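J.: Okay, here's the structure, questions in a sec.
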Amino acid sequence: MLYKNLKSLFFLLKWEEIGEVDEDYAPIHTYQVCRVMEQNQNNWLYTNWILTEGAQRVYIELKFTLRDCNSLPGGVGTCKETFNMVLKENRYIKVDTIAADESFTELDLGDRVMKLNTEVRDLGPLTHKGFYLAFQDLGACIALVSVRVFYKRCPFLVKSLAEFPDTIPGSEASQLVEVVGHCVNNSLPLYEPPRMHCSTEGEWLVPIGKCVCKPGYEEISGACQVCKVGFYRSLLESPGCSKCPPHSVARQTGATVCTCEDGYYKIESDPSNMACTRPPSAPRNAISNVNETSVFLEWSIPLETGGRKDIRYNILCRQVLPEGRGLDECGPNVRFLPRRVALSNTSVMVADLQSHTNYSFLLEAVNGVSELAKDHPKQYVSLNVTTNQAVSVVRKGHTGKSSIALSWAEPDRPNGIILEYEIKYFEKEQDSSYTIIKSKDTEMVVEGLKPSSVYIFQVRARTSAGYGAFSRRFEFQTSPYRDERAQASIIAVAITLALVLLAVVAGFLLSGRRCGYSKAKQDPEEEKMHFHNGHIKFPGVRTYIDPLTYEDPNQAVHEFAQEIDVSSISIERIIGAGEFGEVCCGPLRLPGKREIQVAIKTLKVGYTEQQRRDFLWEASIMGQFNHPNIIRLEGVVTKSKPVMIITEYMENGSLDTFLKKNDGQFTVIQLVGMLRGIASGMRYLSDMGYVHRDLAARNILVNGNLVCKVSDFGLSRVLEDDPEAAYTTRGGKIPIRWTAPEAIAYRKFTSASDVWSYGIVMWEVMSYGERPYWEMSNQDVIKAVEESYRLPGPMDCPEALYHLMMDCWQHERTNRPKFDEIVCLLDKLIRNPSSLKKLVNSSHRYEGKSGSAFTLICIAVLLFRTCKLPFTQIFHQMPTTST
Ligand code: AMP
């Protein structure tokens, strides 16, 4: 608020002008009148013409003293204690009658106390350029000390980069005068012109809108300053000048945009703060995998992405014409899945190529600025692919009632070295189920066929490039039931059959098994996959070599494990704790291979040489195995620190924890599928001559497809690593609950003791990770097992599975089934799910040789479980039984 005093001069009518001093003896000038003794007073004091200067409302501040009539001597009846203030524009208007808050007396005069009154009145709306004021006395005793006439103004103001001029308020008391501001130099109104409102009190109120510095300028201390070289400001909304983003420059002050350096580009939709970018380099690590007349191409993202995320890939396909006649575009018949250009993934399937033909693929990476970069040479990675030639003719050799010998010729121009052949066959008109067997030779005998039946055969070759197309279909028939050999020795066969039958029946009865285990005979060189029932057998596998046989343990590691460059691995997160250090996971990118997720076991820092050897021991063992149910070793990192073992990543972690987390969530068939996988892995290990010694659900890993894989092959696993391992009376640490009695008693570890452990794993799986023998002590477990106690069937466990468990827990190890028998039986159960319907219940638990004792023990266990009595207390009350 600003005041402006208006000038005025007085002229008097019966008022007197007096020079006096105030209470501080400072000289003052007053106008007085005091004609209280006389009747009919009408005394005027006028001001000069007072210019309003445009103000429509003015204020009058009066300072005066007034005599108290009561303090005057008696007889002065006309005495007044007020006076009038009058305004004249074109006529006289009484403004107000002014009274004193405090009037003075004789006494005050004696004391020279003035008792000054201050009164303010406002006048308006004024309509003329000026006015007069007058003070009318009607018989009071007044001294007018000062008259101040002024008006209020809203002062010049700079707010939000807008200037608002000095403004005179409106005439009405509550009126606001709207004033539009003027943007300061180099600024602009944002959205709307800035406005403020001037109140009658001379205050600026209600700001609306604002100004901002124009692009190329920024606000500093209420003014707009130009952006310096190397800085820019493009948007009115941005707070200040910003440094030019990477690969762009502003060579002059006041830049509103930065320009890209040579070789770098921007597209319209790129935000102004984004760096200038360039086209990507070529894709990397392109690989192909041929499958018949399709090829799957895969590559890694380019090393240089050009600084952009919008990378897409285009494929150029050309067929190599024979006899050096050059290249020809692939033509419209070749299909690209999902498409040929603008691929966002780093793979594509190219289908409907011609068989046994050379193709050249160019893979190009492009991004948003590739179109602008006309001078930038296109960068491709090229990939030459040859589709495999099909096997042309399959011939029939010797034919039996259940077998047919086949032979075929190697394709004329195989696409690389032939690794193996696949023979696909099925009974004619039953092609919904077929079998595939593999052979390394160009001939093989297909067995297990039905007599007098027609079969369809097709053969295809696999090279390192992938599979060739299957040959056309060949139809061959097996001999009638009585073949020539059978005719020649029918009586001998009959006798033999009778004997075999007798032996089988006797064996069946003696073993007490309800389920027979039949060992399938296979050619060790073949792998046979019956897709109808999922049976895969890997016979004739290599023998496991104990790394101990190597003088230098490092040699064993490098014999069986591939050294991986640490730069191919990135560690993303920790997933567990191993004996030697953390277990992590992350992607592994090996040159020419697609990226896979791996588990990374690390050896903690500060290890001894012995610990390093023990750690890598596991890799020397694992590296010898190659089976879908054994954890696969990808390699080791030994040339840098930390030393690491890299294995395939199993999304669901260890089986025991996984089952506990998913209690009751799986179907019986899913559980049997898991058990079948574990048995298959164990069959492979036992075929290799490897005894695991610590088979337990905690040492099985589960992947995202519920495939179970045997893991934990450490040297010291049974001794140190396994928290379940306990010292036995004969020394050495053993996981008692999972270990066969002969292994506990005299360390007789064999595949048969692994079978015992497998039975315990079955029990763990069927009870969703329950702890075997619950809280019984190890000593009680040993004792109970020796006295023929066996775990009772888990709740809802199919009887057939419980029988199998009980067989695995036969005291006499030679009576336990072999792993291939277990796999075979589980396959039968999977094929015939109704065999899993009958469940174990408490009244129908195992009743073997020591049936009564067993039932009692079951009751003991139940008592233990329900009453929490110490097991031994119940147990020792039992009659002893012989095994
Ligand atoms: P280990 O030292 O082999 O007993 O591993 C310790 C823990 O790390 C296991 O219990 C798993 O939870 C986890 N782990 C080990 N290897 C893998 C793997 N290949 N995939 C996923 N988790 C794993």
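Every residue, even glycine, has its Cβ placed from backbone N, Cα and C.
Below, the features straight out of TrEMBL:
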DOMAIN    1-159  domain 'Eph LBD'
DISULFID  CYS34-CYS141  disulfide bond
DISULFID  CYS69-CYS79  disulfide bond
DOMAIN    569-830  domain 'Protein kinase'
BINDING   ILE575, GLY576, ALA577, GLY578, GLU579, PHE580, GLY581, GLU582, VAL583, LYS601  ATP binding site
ACT_SITE  ASP694  active site, proton acceptor
J.: Can you tell me how many other Cβ atoms are located within 10 Å of the Cβ belonging to ILE575 (ATP binding site)?
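T.: Looking across every protein chain shown, the total is 16.
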J.: Near ligand 1, which of the recorded positions CYS34, ILE575, VAL583, ASP694 are found, taking a Cβ distance under 6 A to any of its atoms?
T.: ILE575, VAL583
J.: Please name the residue among the recorded positions CYS34, CYS69, CYS141, VAL583 whose C-beta has the most neighbouring C-beta atoms within 10 angstroms.
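T.: Sorting the candidates by Cβ neighbours within 10 Å, the top entry is CYS141.
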J.: Taking the Cα atoms as reference points, how far is CYS141 (disulfide bond) from CYS69 (disulfide bond) in Å?
T.: 8
J.: Name, in the order they occur in the sequence, the residues of the same chain whose CB lies under 8 A from the CB of GLY581 (ATP binding site) and which sit 6 or more residues away.
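T.: Expected: LYS601, THR602, LEU603, LYS604, PRO642.
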J.: What average pLDDT does the predicted model assign to the domain 'Eph LBD' (1-159)?
T.: 85
J.: In Å, how long is the longest CA to CA span across ILE575, GLY576, ALA577, GLY578, GLU579, PHE580, GLY581, GLU582, VAL583, LYS601, which the record gives as the ATP binders?
T.: 14
J.: Can you tell me whether DSSP puts CYS69 (disulfide bond) in helix, strand or coil?
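T.: Assignment for CYS69 (disulfide bond) reads helix.
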J.: Counting other Cβ atoms within 10 Å of each Cβ, which of the recorded positions GLU579, ASP694 scores lowest?
T.: GLU579
J.: Of CYS79, ALA577, the recorded positions given in the record, which has the fewest other CB atoms within 10 A of its CB?
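T.: Each of the recorded positions CYS79, ALA577 was scored by Cβ atoms within 10 Å; lowest is ALA577.
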J.: To the nearest Å, how far is the Cα of VAL583 (ATP binding site) from the Cα of ASP694 (active site, proton acceptor)?
T.: 20
J.: Which residues, same chain and not among ILE575, GLY576, ALA577, GLY578, GLU579, PHE580, GLY581, GLU582, VAL583, LYS601, have a CB within 8 angstroms of the centroid of the CB atoms at the recorded ATP site?
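T.: Output for this site, in sequence order: CYS584, THR602.
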J.: Round to a whole number and give the Cα-to-Cα distance in Å for the pair CYS79 (disulfide bond) and ASP694 (active site, proton acceptor).
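T.: So the alpha carbons of CYS79 (disulfide bond) and ASP694 (active site, proton acceptor) sit roughly 125 Å from each other.
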J.: If we check Cα distances from ILE575 (ATP binding site), which of the recorded positions CYS34, CYS69, ASP694 wins as closest?
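T.: Answer for the nearest of the recorded positions: ASP694.
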J.: Between the Cα atoms of GLU579 (ATP binding site) and the residue listed as 'active site, proton acceptor', what distance do you get, rounded to the nearest Å?
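T.: That separation, Cα to Cα, works out to 15 Å.
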